[in-house]
Every structure is written in structure tokens, then in C-alpha cells.
Amino acid sequence: MSSYQNHKALAELTLGKPTAYCDHYDATLLQAVPRSMNREPLGLYPDNLPFHGADIWTLYELSWLNSNGLPQVAVGEISLNADSINLIESKSFKLYLNSFNQTIFADKESVRMTLQRDLAACAQGNVSVALYDLDEITGQPISNFNGECLDKQDIRIDSYEFNADYLQGAAGKDHVEESLVSHLLKSNCLITHQPDWGSVQIHYRGPQIDHEALLRYLVSFRHHNEFHEQCVERIFNDIMRFCQPETLTVYARYTRRGGLDINPWRSNTDFVPLTGRLARQ
């Protein structure tokens, strides 16, 4: 159980509670979760964050009415800066997007600007918003994380409780730069405990990390309850703490739920994330 499971900010969320669905625009549906909630137990504060990054959201169920009342659809891509005060709670984001369904907007740019304004206000940070017509993204190939996949190792695992100590002593003597990938990342929603399925890419330069130890560590998230963004920051923090690489990037892409997927990345070096969807997205 996370140390902040009973944080007062969580009690105020609609997540896990019966909810009415509103189809007319309502910015108040958005709900924020303070990033400090999980960062402070890790010793992370705004003036000493060891990373930069963003939470990339893909919006697959976005619709509104044009000035003639004709429904419009688009796919949205949101990038929320990791130094924002808050993250956006995903169920509230879904409810907020549903409120566009029967609302008239003059054009797609008006929708984009509304999203950017409201999300920035809720997160108290920088947000970029792009909206794509379907013919702009139709036919795009399925992407794949570059790197060596950890998942084919012939190892026996019988514990699925989170344990950062798997990384204790995992840093070897050889100095390398490598990208490691696992599709076995699975954690659970902090509130509902519904499963969150993801793939993760870890790129680092420094003492070589034992691949078996790293896979055991990632699998130990299987019963762990945290939001996507928090899991990625925990992975970054634990690898830095135990393995002390010179550079590190952690990027996870999660399967969609409620028409949204969340794809957080954190890095202490130059990094440009791929934004194409993976096979399970």
C-alpha cells in the first residue's frame, strides 16, 4: 500500500464513485492530484527534481458540435509538463471530455484552445494540445520501443509485491549505454485497484544494470497501487538511487482506458519521446 493511500486529496476525487455523465461543457469536472503527494515520500521537491519530462495523453473519444450542430471528431494529443503542480486525474478527464459532446464550438481551434486553457489551469503548469483529423493519422504504423527486451529471460518468479531492493547491488563494473524494454509492467489504479497495463523503455549510461534484477523489480509492481505517472517517477528514482547511472530516461506507454492512454516519461538528459502507439494501444 502506498504511504499516501488515505491522502485527503484522494477522498475528493470522483474516481471509484457513481458519477453522472454531463454532455455539455463543464470545466469544473476536471480534478487535480498534487504531484507532491507521491514525490515527498521519495524525497523529491520542486527545487530538487532530478528529472524533467511530461505526461503524454492520447484522446481517442473527442467530439463536439460545429456551428450547424453537426458532430465533429478528432484525436487529441496532450503533453503536460512534469513540473506542473498537479497531475490530471484520468476519470475526471474523461468526464470533462464527455462534456464537449453536445457543445457547439466555432471550429477545431476553439476546441484546442479550450482544452489548453482548462488543463493548464487544473494542472497549474504548461500544457500543449494538438488535435488531428482522422485522415491525418489513418494508416500510421504500430510503433515499438527500441532496445533489448528483458522479458524472455528464463527465470522463476514467485513474489509480486513491490520491492525496490531487487535493485540493491544490481549495478555492475562494466560501463555501458543501453536501452532496455519490458512489456510486463503492470500496476493498479491507486483508488479502484483496476489493472494498468504498460510497456516501459529504460535508457541509461553508466554501470551496467543486471537484467534479471531489473526485470524482477519491474514485475514487483504487479500488486502495486499507484497512478501511471507516479510509477514512472518511482522507477526513475529507484534506478538512480541504487544504480547511479550518469544519464537515465524512463518512458512508459500504457494501454488505453475510457478512450484515454497515458504515456509518462522522465529523463535527466536530452530526450524526444516517440508518440506512435504501441501494439497494445
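Placement of Cβ uses the backbone N, Cα and C atoms for every residue, glycine included.
The feature active site, thioimide intermediate is assigned by Swiss-Prot to Cys189. What Swiss-Prot records for Asp196 is active site, proton donor, and it gives sequence analysis as the kind of evidence. Annotation comment: Swiss-Prot describes Ile88, Glu89, Ser90, His228, Glu229 as substrate binding site. For Ser90, Lys91, Arg257, Gly258, the entry in Swiss-Prot reads NADPH binding site.
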Worksheet item: Looking only at Ser90, Lys91, Arg257, Gly258, the residues listed as binding NADPH, what is the longest Cα to Cα distance in Å?
Response: 9
Worksheet item: In whole Å, how far is the residue listed as 'active site, proton donor' from Ile88 (substrate binding site) when you measure between their Cα atoms?
Response: 16
Worksheet item: Which residues does Asp196 (active site, proton donor) neighbour through Cβ under 8 Å, counting only same-chain ones at least six apart?
Response: Lys186, Ser187, Asn188, Cys189, His228, Cys231, Tyr254, Thr255, Arg257
Worksheet item: Across the listed substrate-binding residues, Ile88, Glu89, Ser90, His228, Glu229, what is the farthest Cα to Cα distance, given in whole Å?
Response: 11
Discussion item. Quick check for the class: what is the C-alpha distance, in angstrom and rounded, between Gly258 (NADPH binding site) and Glu89 (substrate binding site)?
Written reply: 12
Worksheet item: Including all protein chains displayed, how many Cβ atoms other than that of Ile88 (substrate binding site) lie within 10 Å of its Cβ?
Response: 24
Worksheet item: Cα-Cα separation of Glu229 (substrate binding site) and Lys91 (NADPH binding site), in Å?
Response: 15
Discussion item. Need the DSSP three-state call for Glu229 (substrate binding site) to compare against my parser.
Written reply: helix
